[in-house]
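A quick write-up on the structure given underneath.
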Amino acid sequence: MAEEEENQELYIAENEVEEVIKDNDKLMDQGVTEDEAEQEQNDTMNNMVMDMSVQGFFEHKDSVFSVSINPVHSNLCASGGGDDLGYIWDITTGEQICQLTGHKDSIVAIDWSFDGTYIATGGMDSQVRLWKSSTGFEFITAFETVDEIVWLSWHPKGLFLAAGCNDGSIWMWSLPSGKVVQVMYGHTAPVNAGKFIPPGVGKRLATVDDSGTLIVWNPATGAPECRMSSDDHRFDPGNEETAAGWTSFDCNAEGNVLFLGGSSGKVKVVNINSSHILASLEAQTESVEAIALCTALPICACASVDGTVALYDSASLKFRKSLPHEQAVIDCKFLPNTPYLLTACADCVIRKWDVRSGQLLGEYTGHQEPILCMAITPDGKRVVTGSDDTELLVFDCEH
């Protein structure tokens, strides 16, 4: 009986048949050819980004504009973004430690005090807010200015905080009292960058603005010690056709020479003790977004929107070489006391370079949108990046 059943033909009724459509037929019905489908698949594969990060933080709901690493407890990272929030989080575990609230607009600046005890946030709502880390990030106070905050800078040896505003004013407070020490006026345009100089000493405060003016202040008195403006055409960051301002700068260890980057691509080198222009460097054609001086070698790196990083000899002021990138370079920083430079690019990639040879040593990927900010741990082993994709990623930059 079993043998008969085996030999019987299998009969399937017509109403039991399901039509099987081949993938190719379906694609044709949808108006997509095999070649187009294959190309779409290849494009998808090409757009997949390898995530090389060792940790990350994903609580922000909008672009991350600023990031800072605690100088004493280097596992602590502070970040601020377009969601009006700041966060304190651990770069080793990715865990949130504290949410910093109270701003009514984007946080565009965030910075730790020199001893790591305070964290300050600056927002487009004209507020500077302050928290104390040693008391569980207890909120201390809020400082009101008259316009959007552009940058923050702590004094490298004391509890003094400076802030630059969109209206051209510069504010300085003493902590922990919160007393306003100085309000400095002299700029007539947004103050794009400012910091205490020289590095690690902070005897003076240098600021640059969107109209092409540099002012070096005495922070104790609030008086300007050096003022250079585009009224002197030799100092003008623009040209006859286009007005321009200063967008970035860095200072030498002695505190007497500044390298200034302009929105037209020009770099000026000035002695602020004598107010003399030492050089005009014009290897780039678009805005210089960041300038970094190497502490291990006489090298100055200038990152530009034109997709290059220009390297100059900071002693002879001669052009050395250009480091090419795929898109605009947003930031550049040297690993501490090394000839190794990290660059953050709008193509979502962090790159590591040896500035002695110009050799590309590594690329670190993981972001899906342009990188807007980065911070390096004090030991130079890791870099934290913030992006338009709302994420913060941690990369091991030793390898």
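From the backbone N, Cα and C atoms, a Cβ is placed for every residue, glycine too.
Here is what Swiss-Prot records for this protein:
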REPEAT    59-99  repeat 'WD 1'
REPEAT    102-141  repeat 'WD 2'
REPEAT    144-185  repeat 'WD 3'
REPEAT    187-227  repeat 'WD 4'
REPEAT    241-280  repeat 'WD 5'
REPEAT    283-322  repeat 'WD 6'
REPEAT    324-363  repeat 'WD 7'
REPEAT    366-399  repeat 'WD 8'
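59-99 is the stretch from 59-99, 102-141, 187-227, 283-322 with the greatest number of Cβ pairs below 8 Å to the repeat 'WD 8' (366-399). Secondary structure by DSSP for the repeat 'WD 7' (324-363): 0 helix, 23 strand, 17 coil.
Looking just at the repeat 'WD 5' (241-280), the mean pLDDT is 95. Counting residues 6+ beyond its ends, the repeat 'WD 1' (59-99) has Cβ neighbours under 8 Å at 105-112, 114-116, 119, 121, 123, 125, 131, 133, 136-137, 369, 372-379, 382, 384-388, 390-392, 394 in the same chain. Helix first, then strand, then coil: DSSP counts for the repeat 'WD 1' (59-99) stand at 0 helix, 21 strand, 20 coil.
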